Amino acid sequence: MSASTPGHAPYYYVPAPSRHPVMMSIGLFFVVFGAGQWVNAHAWGMYSVLFGMLWCAFVLRQWFGEAAAEAEGGLLSDRVDISYRWSMAWFIFSEVMFFAAFFGALYWARVHSVPSLGSAENALLWPDFKAAWPSAVAGATASPAGTVEPFRTMGPWPLPTINTALLLTSGVTLTIAHHALIAGRRASTILWMWITVLLGVVFLGCQAYEYMHAYRDLNLKLSSGIYGSTFYMLTGFHGFHVLVGTLMLLVITIRLMKGHFTPERHFGFEGAAWYWHFVDVVWLGLYFIVYWM
């Protein structure tokens, strides 16, 4: 959290009213509204998304800067530290529920919806349907003619497996950095943090290349039936979390270089580490369920 002494902090620090939540909501509006227009073939939606992302980045820079200044100013007591820990835990729990809903949608489609459409009850409704997963793969008859273009699925090798190795390695390097911070080895902590950030950036680069390969070579698109929509929903949502986690780790690394955090008080570091390990665990489930099963 901070390098300051909590003994001089108020009983429970309450920050002054802030405009940042409202400003952040404006940026998110442009992102979501632009994304909706973009996927519906309105080219200007891309510019709305970019504007919203830049707006959000600027607001977060100001917001996090104020939070760091409060911590380094000795305003945060042990009670605030406990509040931060509970808040981060509940935030990660809410993220778990997001992914549980998405994995649940995939489970329902594979185990219930597709077999139901292939049952005798639906023979008159869809006589040529074959209850296969995924639907509309090359050479299969699993969708009405012209509804979904044939595509090929994304296998686990090589990019998804490489990405798995990258994320697992980043979890190890982050843990090494944490132990170095506890031991008071700041230079070693910074080195391992930069390695972790680099691994996150490489993961994102591989994910972007995988999407280009899927779209260009496999004809796998967001419109490729339930398989395509769940594939991009799960991998894209996870990729967004990797991006956020990488930015969080980058901010923590910069703060370490400025002398923030001590071996005794460093919840800012721990909170980012919790988030990153959560991203690792989600990817393992995604890797086996989406790419192997």
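Start at 1 and count along the chain as shown; that gives each residue its number.
Heads up, the Cβ atoms here are built off N, Cα and C, so glycines get one too.
Among the features that TrEMBL reports, domain 'Heme-copper oxidase subunit III family profile' is placed at 8-293.
Under the heading transmembrane segment, TrEMBL lists 20-39 (among others).
Taking Cβ pairs closer than 8 Å, the transmembrane segment (46-64) reaches residues 18, 20, 23-24, 26-35, 37-38, 251 in its own chain, all 6 or more past its ends. The transmembrane segment feature in TrEMBL is assigned to 46-64 (among others).
Among the features that TrEMBL reports, transmembrane segment is placed at 84-109 (among others).
For 162-184 (among others), the entry in TrEMBL reads transmembrane segment.
Non-local neighbours of the transmembrane segment (190-209) in the same chain are 159, 162-163, 166-167, 169-170, 173-174, 176-177, 180, 235, 239, 242-243, 245-246, 249-250, 252-253, 256-257, 276; each lies 6+ residues outside the stretch with a CB under 8 Å from one of its CB atoms. Annotation source TrEMBL lists transmembrane segment at 190-209 (among others).
For the transmembrane segment (230-254), the list of distant contacts is 64, 95, 98-99, 102-103, 105-106, 109, 154, 167, 174, 190, 193-194, 196-197, 200-201, 203-204, 207, 210, 214, 220, 222, 224, 268-269, 272, 275-276, 279, 282-283, 286, 290: same-chain residues at least six beyond its ends, Cβ to Cβ under 8 Å. Feature annotation from TrEMBL assigns transmembrane segment to 230-254 (among others).
Annotation comment: TrEMBL describes 274-292 (among others) as transmembrane segment. Same-chain residues lying 6 or more positions outside the transmembrane segment (274-292) and placing a CB less than 8 Å from one of its CB atoms are 88-89, 92, 95-96, 99, 103, 106, 154-156, 160-161, 163-164, 167-168, 170-171, 174, 196, 230-231, 234-235, 238, 241-242, 244-245, 248-249.
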**Non-local residues, at least 6 beyond the ends, that sit with Cβ under 8 Å of the transmembrane segment (20-39)** = 45-53, 55-56, 59-60, 62-63, 66, 222
**Item:** Spatial neighbours of the transmembrane segment (84-109) far in sequence, C-beta under 8 Å, 6+ residues away
**Value:** 1, 76, 226, 230, 233-234, 237-238, 241, 267, 271, 274-275, 278, 282, 285, 289-290
**Prompt:** Which whole number is the mean pLDDT over the domain 'Heme-copper oxidase subunit III family profile' (8-293)?
**Reply:** 89
